[in-house]
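> One structure, pasted below without further comment.
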């Protein structure tokens, strides 16, 4: 069944009633600025996210260079603090989230047999306000007094009483990022709910679509809370309110409650689409159907619901009553159950499968193993009495980098390798991609695994200097950091080479792959599924 | 066109959800206070005076009460309790005081914020008089004795045998300036009327708590 209908007149298409009355894209820069095409916007998001990944990564390298030796050598502590803060903000809001939105834009319409996203003009806006948000954030680094230096969590009173003058710019940039995310999420939900091809019932949706649908609901529920809390920081700092100022009757601990009410669902926003990606790739290279499809859907939904009940596990040391600590400890541990279901299903999918190890599969396998390591250290952190020792140490840094770098980022790379042939029409350079994988795999572990040890030994996070006994491990970590950073240039090379040329890709370059996206030719034509496909 | 109607309906709902969650973020602020109050969990003590009804003093039990004073950051005042630790019987009315000195050459306004540890004991620590109920204006180089009268509720759970009352003294001179309190601050050497009720109240406490009087 070939359902490619790129030759169909686009005016029949009920949605893309814009200026694309022809098949190909318009030429020049205006194509990208005015585009309402989901594939163009997906490409923009992905490139934007990769540029942010490199900028945020460069900041991480400043941090690792400073920590290569004990003592202060390269940057002054205030700048170090700005680096840790902006590195976190850029990686969370500039790299991981836009990468997922880019993948959603490219793949969701293709996967559900829709001609485009439901709201193409809003789609254009939700991308194009992002560069301004990050321009504002990055430019604040060059202002007098410096950029945000209070950690990406911007705890009051660090951001209110003690924040730099540029804090207002930080607040506005977060507002813009939030608006962008909410618009993106609305678009995803409307697309999935209203634009599925006939026969694409809920329980036939590819898991990437399911996980994104649930992620989009999380975004709509928590991004406004983030907007609210930054607004409170803004008025506390500049308009003499006292939300978080004890002198005026406020409470700084309340900041942490509101922030983490956003912040914990946020970490699932950054991992649920990964689960969807891995659930697409593992069956493809195991040549088996995904084991336990419906349990995957329910597990994703349970994780999303539980994510609203665990926020205070970030705050065990604030002096909560025992009952509260126990509640949040058990709820946190409960999340291991649906997550365990997912890991089990991936392993069961591979069980007795005809496995091959192409680069997307390698990244997915690394994801499963390394994300599980990050999950286990998360369970250790969930144990309230133990958390008092781990809190604010490098153990926490190791934990969340395992789930975010070797978790979320690895899954994004897996996705990029998996769908690059569909996007570009060329196969990527296999040798170079394997180099990229193995260099990344080794260096990411050299980078983050030893952090567990210095953390347990008591090295605090976010401090530009450390006690002498941590020197050796920090040197190893820094070497791993630079190796990981440089390895990502290989990825850039692979992607550019793949866009420029290479072996022509078939419509379905992966033998075991399933889904509507493989029924359109490679590269995917500018307009696809103008007539909805039949889903059996 | 039914699809665009459907889309519009869904967009409306989702936007409503987003706006609602923005409101919910702000609703968390009063909700937090209500919950903390109802559960008695964040160490906040009563913000207005309670009246002491003569009650049976539990002489069989002694509770340690510790006093801690903190002056954050750049607040250039000296501030501390007269007695750092005392043993009290639950139900007994206790009078003590803190001492504050403004070491600068300018009139300043301070606000003391109390907190009791353990947090679950806060509900049993009752202040009938406290300097923290009001702002403290101290003129250049002036000192004041700040009285505190309290009792520990005899219902204090058995497992709590020490209550630590901590005061953090914040400099709110700037806030008072911006909210119109500036004239008072600037009226050097003149007793202001705003705090007269404060003075009257503390005359009962026996301490010399007249604010802003150079000595």
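Each Cβ is built from the backbone N, Cα and C atoms, and glycine gets one as well.
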> Please find, within the list A:44-65, A:242-263, the residue stretch that TrEMBL describes as transmembrane segment.
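Of A:44-65, A:242-263, TrEMBL gives transmembrane segment for A:44-65.
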> Can you identify, from A:17-40, A:473-496, the stretch that TrEMBL calls transmembrane segment?
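The range carrying the transmembrane segment annotation in TrEMBL is A:473-496.
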> TrEMBL tags one of A:360-383, A:504-527 as transmembrane segment - which one?
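The range carrying the transmembrane segment annotation in TrEMBL is A:360-383.
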> Any idea what the model's mean pLDDT is for the domain 'Cytochrome oxidase subunit I profile' (A:32-536)?
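Averaged over the domain 'Cytochrome oxidase subunit I profile' (A:32-536), per-residue pLDDT gives 95.
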